[in-house]
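Asks: Straight out of TrEMBL:
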type	residues	note
ACT_SITE	His248	active site, proton acceptor
BINDING	Tyr24, Arg165, His248, Arg251	glyoxylate binding site
BINDING	77-79, Ser106, Gln128, Tyr130, Thr156, Lys224, Ser246, 279-283, 302-303	FMN binding site
DOMAIN	1-354	domain 'FMN hydroxy acid dehydrogenase'
Amino acid sequence: MPLVCLTDFQAYAQKHLSKSTWDYIEGGADECFTRDDNITAFKKIRLRPRYLKDVQEVDTRTTVQGEEITAPICISPTGFHCLVWPDGEMSTARAAQAAGICYITSTYASCALEDIVATAPRGLRWFQLYMQSDKQLNKQLVQKVESLGFKALVITVDVPKLGNRRQDIQNQLDLKMNLLLKDLRSPKERNPMPYFQMFPIDASFCWNDLSWLQSITRLPIILKGILTKEDAELAVKHNVHGIIVSNHGGRQLDDVLASIDALAEVVAAVKGKMEVYLDGGIRTGNDVLKALALGAKCVFLGRPILWGLAYKQGEYGVEEVLNIIKNEFHTSMALTGCRSVAEINQDLIQFSRL
């Protein structure tokens, strides 16, 4: 039986992955309220379609940081893709290139960055950076990704400390036993650093440190994990180029706002001075439309990409996931009377009273 929606891939992945891997992918912080609310919050938003418009031709293309993509649906940074499929991030990169979208590669990629670039040389790539306590290591990584042709730096800001992920603790998950991260190397050492040496992430990194980061790179800097107008205003003040509204898939601090519920506040705060994106809870084409109606320039998929990677020889499963949600989004646009992404606006939605 063919898989016809993203939750079909979720069910397939749960059936075929080991329990510890599945729990690692699906797990959230504490009671997983925010993880689940990311999805249910979309259901509080209703669509207001406009009819009798010529939608024979619907164009899903848009741009992110000036680069054209085939649809406003891209790939969030997630680590350790080799847990799901042997080719790991190389398969993900090939699928993103085939789909004509952006793939944010994680600091904790389980494939070497050179291999990811070589396997998908025409792909649009951003790099997600967890600020390490070793400043020289941060500088080394930034210079490396810039030289490899990555087009933006995505700084994850919501992990000054790792969230309390109960299932990983119960499973005694020990990634360091079978994974070495190819690109987390001390400048003085040639060997990869094992997982246990990656933490702690630099908990002292703060707004004033952004100027140092800006001084060592020409890449646009995007902050991932912003949820409030106060932090959005500070992002504008510090001249960053974009924000990804995100709660880390509910994996960091439980009981925070669902990403979609935080989006409008952040969009209003930046006043059009930078692009705002969203990740968390996107499962259908309607979800994409709702996010764009609330001001997101683009959405990013996390867990669904890993579900696809677990299916049908890695990259082909990811391609299917992307094709399904892109087709759903195309249908959502046509059925609400939108012929281009630019026509999607807040008039298309209303919040349910339920």
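Using N, Cα and C of the backbone, Cβ positions are placed for all residues, glycine too.
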Asks: Please name the residue among the binding-site residues Gln128, Arg165 whose C-beta has the most neighbouring C-beta atoms within 10 angstroms.
Replies: Gln128
Asks: What residues, ordered by sequence, lie under 8 A Cβ-to-Cβ from Ile282 (FMN binding site) and sit at least six positions away in the same chain?
Replies: Phe42, Ile73, Val288, Ala291, Val299, Phe300, Leu301, Pro304, Ile325
Asks: If you compare CA-to-CA distances from Pro77 (FMN binding site) to each of the recorded positions Tyr24, Arg165, His248, Arg251, which comes out shortest?
Replies: His248
Asks: Out of the recorded positions Tyr24, Arg165, His248, Arg251, give me the one sitting nearest to Thr156 (FMN binding site) by CA distance.
Replies: His248
Asks: Which whole-number value in Å describes the distance between the Cα atoms of Tyr24 (glyoxylate binding site) and Gly79 (FMN binding site)?
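Replies: Taking the Cα atoms only, Tyr24 (glyoxylate binding site) lies 11 Å from Gly79 (FMN binding site).
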Asks: Which is it, of Thr156, Ser246: the one of these binding-site residues whose Cβ has the most other Cβ atoms within 10 Å?
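Replies: Output for this query is Ser246.
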Asks: Which one is it, among the recorded positions Arg165, His248, Arg251, that lies nearest to Gly302 (FMN binding site) by Cα separation?
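Replies: Checked the recorded positions Arg165, His248, Arg251; minimum Cα distance to Gly302 (FMN binding site) goes to His248.
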Asks: Just counting, how many other CB atoms are there within 10 A of the CB of Pro77 (FMN binding site)?
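Replies: Its Cβ has 24 other Cβ atoms within 10 Å.
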Asks: Based on Cα distances to Arg251 (glyoxylate binding site), point out the closest of the binding-site residues Gly79, Gln128, Gly280.
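Replies: Checked the binding-site residues Gly79, Gln128, Gly280; minimum Cα distance to Arg251 (glyoxylate binding site) goes to Gly280.
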Asks: For the glyoxylate binding residues given in the record (Tyr24, Arg165, His248, Arg251), what is the largest pairwise C-alpha separation in angstrom?
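Replies: Site span for glyoxylate, by Cα atoms: 13 Å.
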Asks: List the other residues in this chain whose Cβ sits within 8 Å of the Cβ centroid of the glyoxylate site residues Tyr24, Arg165, His248, Arg251, in sequence order.
Replies: Gly27, Gly28, Ala29, Gly163, Asp168, Gly249, Gly250, Gln252
Asks: Between Gly79 (FMN binding site) and Arg165 (glyoxylate binding site), how far is it from one CA atom to the other, in Å?
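Replies: Pair distance, Cα basis, whole Å: 15 Å.
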Asks: How long is the line from the C-alpha of Gln128 (FMN binding site) to the C-alpha of His248 (active site, proton acceptor), rounded to the nearest angstrom?
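Replies: About 13 Å separates the two Cα atoms.
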Asks: Average pLDDT across the domain 'FMN hydroxy acid dehydrogenase' (1-354)?
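Replies: Averaging the confidence scores along the domain 'FMN hydroxy acid dehydrogenase' (1-354) gives 92.
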Asks: Using the alpha carbons only, what distance in Å do you get between Ser246 (FMN binding site) and Arg165 (glyoxylate binding site) once rounded?
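Replies: A Cα-Cα distance of 17 Å.
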